Amino acid sequence: MTDRLMFSRRQILKTSAAGAVLGFAPSLLPVRSAFAAGATIGFIYVGPKDDYGYNQAHAEGAAVLKGMEGISIIEEENVPETVDVQKTMESMINLDGATMLFPTSFGYFDPHMLAMCEKFPEIRFRHCGGMWSEGKHPKNAGSYFGYIGQGQYLNGVAAGHATKTKKIGFVAAKPIPQVLLNINSFLLGARSVDPAITCQVIFTGEWSLAVKEAEATNALVDQGADVITCHVDSPKVVVETAAGRGTFICGYHANQSPLAPEKYLTGAEWNWANIYKMYVEKLVAGEELPNFTRGGLADGFVKMSPLGSGVSEAARAQFDGTLAEIMKGGFSVIKGPLNNNKGEVVATEGQAFVETAIELESMDYLVEGVVGSTS
Amino acid sequence: MEQTDLGLWGVPLAILGGAIRVSTPFIFVSLGEAITERSGRINLGLEGVLVFGAMTAYAVAVLTGSPWLGVLAASASGACFGLFHGWICKFPKVNDIAIGIALMLLGSGLAFFFGKPFIQPSAPDLPAIPFGLWSNSSQVQAALNINILFLIGAALAVFLWWAFKNTRAGLIVRVVGDSSDAARAMGINPNTVRLLATAIGSALAAIGGAYLSLYYPGSWNEGISSGQGLMAVALVIFARWNPLGCFAAALLFGGAGALGPALQSVGVTQGYYLFYAAPYILTLLIMIATSSPGRALAGAPGVLSITK
Amino acid sequence: MTEIASGPVASTLGGPALAGALEWAARRAEGLVIPLAALIVGMALFSIFIMLLGKSPAQLFDLMWRGGFGSWFSVQNTLSRAAPLLLAALCVALPARLGLVVIGGEGAIVLGGVAAAAMAVLVQGAPALIGVILMGIAGAVAGGVWIGAVGALRHYRAVNETISSLLMAYIAIALMNHLVEGPLRDPASLNKPSTHPMDPAFVVGAVPGMDVHWGLVAGIIACVISWILIEKTRWGFAARIAGGNVRAAQVQGLAVGPLIVGFCALAGAFAGLAGMIEVAAVQGNANASLASGYGYTGILVAFLARHNPLAIIPVAILLGGIDASGGLLQRRMDLPDATVQVLQGMIFIVILFSETFYGRLRVFNPDLWKRPA
């Protein structure tokens, strides 16, 4: 917080000083010119940047860059996935002199960011979650994402030990690949403890809808689920509601353990700072930036919340063992023989999709044992 | 495992529980708006008042440790918004609906702005009374864990219904709502009555917000309200300005809202968007069924701009 | 203020001409001076808010000007954001002439977008112009039926249009989500469920020489047509009578029912067209971003414009400008997005309040400037 305030004061001083010298057009002057070899980097968020969830995780990653020599960070929050985000990107380039942009919501990619990539070939764009592919997308574009499914798998391991009813619950926003992979990973993690466990999923249909998320949590608990996790933008409501009903919780996006220290088992958290630092260091050094970046726990793109007091010794041992396995790389959550919950084969005996498998990013099924439907 | 599995019984139980849990903000906002509209003004800005009330209640509860002080502070903040709306709308040619929409922006903008430091901390919850202790099912106990504000809202609905008919204050509000000239002839200043009616209405709406942030879902963030304030204002028309009708409409809305998650939890998983639209579809159908050109808007206050 | 406005006229002309000019100016100035003064007062109130936060109002105004209007880029940014608001506001302003408060334009926008996207897939490969026209018709029909139904329910069943339009907006959004994530979903759309992409030939591009799509022009034309309809045709005249008093209109033999349904359907058609333009000019398919609140902002635009279709144009541009500069305020002054909402709230309340001064300020009274005969 203090950092942010300090930064803004510096920025104001800078702008007004330039204004005093140059007269009428201080703000039109790219901020970058104040530095010899610096860069202005823009971050765009789809929601408020302090949502205790998805957007905050990105904003915290961006905040780490603020300490870097010669780097200016500009941020805009609550930008809808319409012409607004295109104009925001253009405005950051035209008025602030940004040379690199991070639009952090999936819906910004196609057509909005791609249109801007074409219009501004010298500006670099890196997008969170998109599927950049060689030949199909421009060179100045790119995408990055973390294998957070690994984190949900570990959540599942902790949940598998904690559940007594053998039923765990998942509050999900929309049936899209990123969410489906998380649901499947959560269940398969739990099934690595006990193959009889099932997972009930409820889709709320929106990324942020507090009352419906609370209702969904209650419905899951009413049906006997005793460990709950979620994939919505702000998990605070789910965590507090589930804890209020006396069930265990696994967190998502960020560490929610202060909300319910006794009930919080662990959580899958983003660690965007590492990705952002990597890009910016390469940018400053004048190196080529990667177009397609992915990484998981081993790469430090994703991390786990510290295990809570509700985690048993046996759970702790299996959790640590699985974590060590994942850290070696090449871990497969989805491996055969495995059916989806409609009885169709998704992986045959011996077939395994390692974390880097691109097929996982277009997942359209829920595995056997998940109660729910993808449409 | 068998004991905890409710199966299909989960659906009616969820609807009952949902009606009680989800309806309270609708009850308070619609009762508040009913008072305001009965006096002849419409305050469409209660959504903003509700959000600001949610933030104020949460912030005060975090700072003082007392959720009841939070509710008190919220209602005071709501009264301020109401006084402002009531005062500004007394000037000729100032449109109450439009001011309400602007107030919606201002209220939620201020709430989001001042609410930033309170997103992460946890506030103490409002207490609930466990009416379900007779049952040994944890689900029934949870569904019948009834918050005190819900009970106050129910009592308030009955009281207002009685008061509109049987008290002098109720009569004054109705006269002012039906005809400004008649009110003046009786020696009543319509603007003063409307000012107070809007202030009281807004104070109640803010309490609805306090319920959202301090009990269910019991959290403060910028997505805490999904339009409950706006919807509740519309429900007043549905309830034909009758406080008991407001209460029933709120219950209907809360119960129907629980249908979507409950059906998914028992395995009815397809087409959930359509189930989520159940409260809106149901309300619309009931309105179509119960309206007829003949008795268009029985009970509508005469000077209300929205019914002219 | 009036003296300043008529100053140049006074110095070049003289005598009776001067008086005539002053009288003319006084007549016209009211509608310009009052809202402008209100805008200034609203901004002044917001600067107090900004000063309390320890930030500089001078910087605020400087940034707002640059972000919204100060350069060719900023002007285009503003116009791009204003474009969808024009049609959305008409969806409120037209029924308002009949005394109806329709607040569910969002539903018509969303369904218009879905219908247009579905049509685009259906007529894939058709000549570009025909494809675009069919998409436009699909969008307009979907929106028109939706809001037309609100009007029909109002007239034939006495269902209050405010609540029914709001309920139907929520239903429309649910329907859109259901279609986009279910039957109409393109499996390749992955993490942003969307309908199949439309034929690139149907893309509605930018106005030549500008970076603003044709939706802006469509919106302005729609505003002008609506103004003519209301002010210059007998339907508009009939609507105003019916808006004043339904009974009186019926006594005069006006077909109030068709009038209400017709105006509502036209209003919905404009909103549906806004949805079609979102698909054809911005998104390239239908997805949940169609429900991004244009319908609700349109309510505010219509009320600020006092339901005058021509006044909608400057009001939408003002809103677009505030929106465009809001980003710059966030970035340069480190203000959260919420402050822009506070700014909007303050400005709009003052502008709406200023309506009370119409006809009450002596300087604007033409008689004051008349030469004694």
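Backbone N, Cα and C atoms are what each Cβ position is placed from, and that goes for glycine too.
Residues 1-2, 5, 60-61, 318, 335, 339, 342-343, 346-351, 353-355, 357-358, 361, 364 of the same chain lie 6+ residues outside the transmembrane segment (C:32-53) yet bring a C-beta within less than 8 angstroms of a C-beta in it. The annotation transmembrane segment is assigned in TrEMBL to C:32-53 (among others).
The transmembrane segment feature in TrEMBL is assigned to C:73-93 (among others).
Taken from TrEMBL, the feature transmembrane segment covers C:100-122 (among others). Long-range contacts of the transmembrane segment (C:100-122) within its own chain (CB-CB distance under 8 A, at least 6 residues past either end) are made by residues 84, 88, 91-92, 131, 134-144, 146-147, 150-151, 154, 161-162, 164-173, 175-176, 179-180, 184, 195-196, 198-199, 202, 243, 260, 263-264, 267-268, 271-276, 278-280, 283, 285-286, 290-291, 293-296, 298-299.
Summarising the annotation, TrEMBL assigns transmembrane segment to C:128-150 (among others).
Here TrEMBL flags C:162-180 (among others) as transmembrane segment.
Residues or ranges marked as transmembrane segment in TrEMBL: C:212-230 (among others). Beyond the transmembrane segment (C:212-230), the same-chain residues lying 6 or more positions past its ends with a Cβ under 8 Å from any Cβ of the stretch are 76, 79-80, 82-87, 90, 93-94, 97, 204-206, 236, 239-240, 266, 270, 273-274, 277-278, 281-282, 308-310, 312-313, 316.
What TrEMBL lists as transmembrane segment is C:251-274 (among others).
Counting residues 6+ beyond its ends, the transmembrane segment (C:286-305) has Cβ neighbours under 8 Å at 84-93, 96, 103-110, 113-114, 116-118, 169, 173, 176-177, 179-180, 184, 189, 192-195, 271, 274-275, 278-279, 311-312, 314-316, 319, 348, 351-352 in the same chain. If you look up TrEMBL, you'll see C:286-305 (among others) marked as transmembrane segment.
With a cut-off of 8 Å between Cβ atoms, the residues of this chain six or more beyond the transmembrane segment (C:312-330) that come close are 39, 60, 63-69, 74, 77-83, 85-86, 89-90, 93, 219-220, 223, 297, 300-302, 304-305, 336-337, 339-340, 343-344, 347. Residues annotated as transmembrane segment in TrEMBL: C:312-330 (among others).
Look at TrEMBL and you will find C:342-361 (among others) tagged as transmembrane segment.
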Remote residues contacting the transmembrane segment (C:128-150) - C-beta distance under 8 A, at least 6 residues beyond either end:
91, 95, 102, 104-105, 107-109, 111-120, 161, 164-165, 168, 172, 198-199, 201-202, 204, 261-262, 264-277, 279-280
